[in-house]
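> Have a look at the structure that comes next, please.
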């Protein structure tokens, strides 16, 4: 019994299909609890007023935007090394979700920035690197769409994902060099354990972060299953034409 | 390797178009900028380093799809792939040839265009240095992008979308070096970063480009 057994598409579908309702149910429950708690049952910040509450969408979306790319990187490596089709399809399935997460993070950031910083957009390192990440996602998806042969597309996008990761990290540090920026530091530093957010805000935030993670997992499972079925249908159609 | 380099250079010079076209494009972009922002000398000299770098970047982008497309069409790319020279070496040489035919002329022409934009006198040396160190990276990244999209029918536009985000770090450091030079600040740090990016690109990207080529030739 190894984890690679789930690389078998049939086994993958058989395992993920009963899992999806649970994951999505937990995600929705977590989102409802976390967002309602965050929006209605936390006090207003003494300086930021009620605008602080956008954090419950902004931070989890930004977190998942980065982790989606990371997941695509791991899936691409697995595809290149072990050539499991499910892995390539999972990477493909994750990309549009990552785009939406990046957009949510950018838009909520802009909506929050308008009253707080007095501007919708600033060429701040974090904002800029997110915009670049957004462009990387677009390029990745465009490359998938442009190539007809699925194996070629999987190979090329995997290579692009790996190279893109290196350059995304490089851009991250390059823009910091270029402009010191407006965006505050992280509120939840995992490495040091210290945090600048009070418990009142922190507990619903963590719930939202977990719920966004579950939402991502659930969506990736659904989309991967769809991709597998779509590919099967194409194979069947091709066979029928012969 | 040398033979391949000579062949690519000869092709670029004799086939016409590619060699001079990039330079002409560079000139036109730079000339268009004052029409867009107005002819005030102060404004132009403020934005000159950035404009020159962005224009050089676009001019380098223009000729990228020629790197592999012509060889792919006439069938010499599969021949190169089966030759004793590893495909990584081919990618490296292609990138180098692209730099000699576009990056090098762009670098040499840039100071002349700096006059048009009224660039600060202290910046010329840094402009020359940063372009000389940075444009090889642009060529190598572009070679990777060209290798990714070589088999596609309408690869040109897609390649711009793939390649331009990869150009961001080089552009930031390169333009920053010239900005600092123009302001009279020490510009060694961004210059070293540009050089580092270039060296890293030439060390690693030939492998990625060769992997993409192998997939496309399969």
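Just so it is clear, glycine is given a Cβ too, placed from its N, Cα and C backbone atoms.
OK, TrEMBL features for this one:
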DOMAIN    A:12-183  domain 'Cytochrome c assembly protein'
TRANSMEM  A:20-42  transmembrane segment
TRANSMEM  A:54-81  transmembrane segment
TRANSMEM  A:93-113  transmembrane segment
TRANSMEM  A:125-144  transmembrane segment
TRANSMEM  A:156-175  transmembrane segment
TRANSMEM  A:201-222  transmembrane segment
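Help me picture these features in the structure, burial and contacts included.
Proximity of distant same-chain residues to the transmembrane segment (A:54-81), defined by a Cβ-Cβ separation under 8 Å and at least 6 residues beyond the stretch ends, is recorded for 34-35, 38-39, 87-88, 90-91, 94-95, 97-98, 101-102, 104-105, 108-109, 111-112, 130, 133, 136-137, 140, 154-155, 157-159, 161-162, 165, 168, 187-188, 201, 204-205, 208-209, 211-213, 215-216, 220.
Within the chain, the transmembrane segment (A:93-113) has long-range Cβ neighbours (under 8 A, six or more residues past its boundaries) at 51, 54, 57-58, 61-62, 64-65, 68-69, 71-72, 75, 119-122, 127, 130-131, 133-134, 137-138, 140-141, 144, 182, 212, 216, 219-220, 223-224, 226-227.
If one looks beyond the transmembrane segment (A:156-175) by at least 6 residues along the same chain, the residues whose Cβ comes under 8 Å of a Cβ in the stretch are 69, 72-73, 76-77, 79-80, 88, 91-92, 125, 128-129, 132-133, 136, 139-140, 143-144, 147.
Within the chain, the transmembrane segment (A:201-222) has long-range Cβ neighbours (under 8 A, six or more residues past its boundaries) at 16, 19-20, 23-24, 26-31, 33-35, 37-38, 41-42, 52, 55-57, 59-61, 63-64, 67-68, 71, 90, 93-94, 97, 101, 188, 195.
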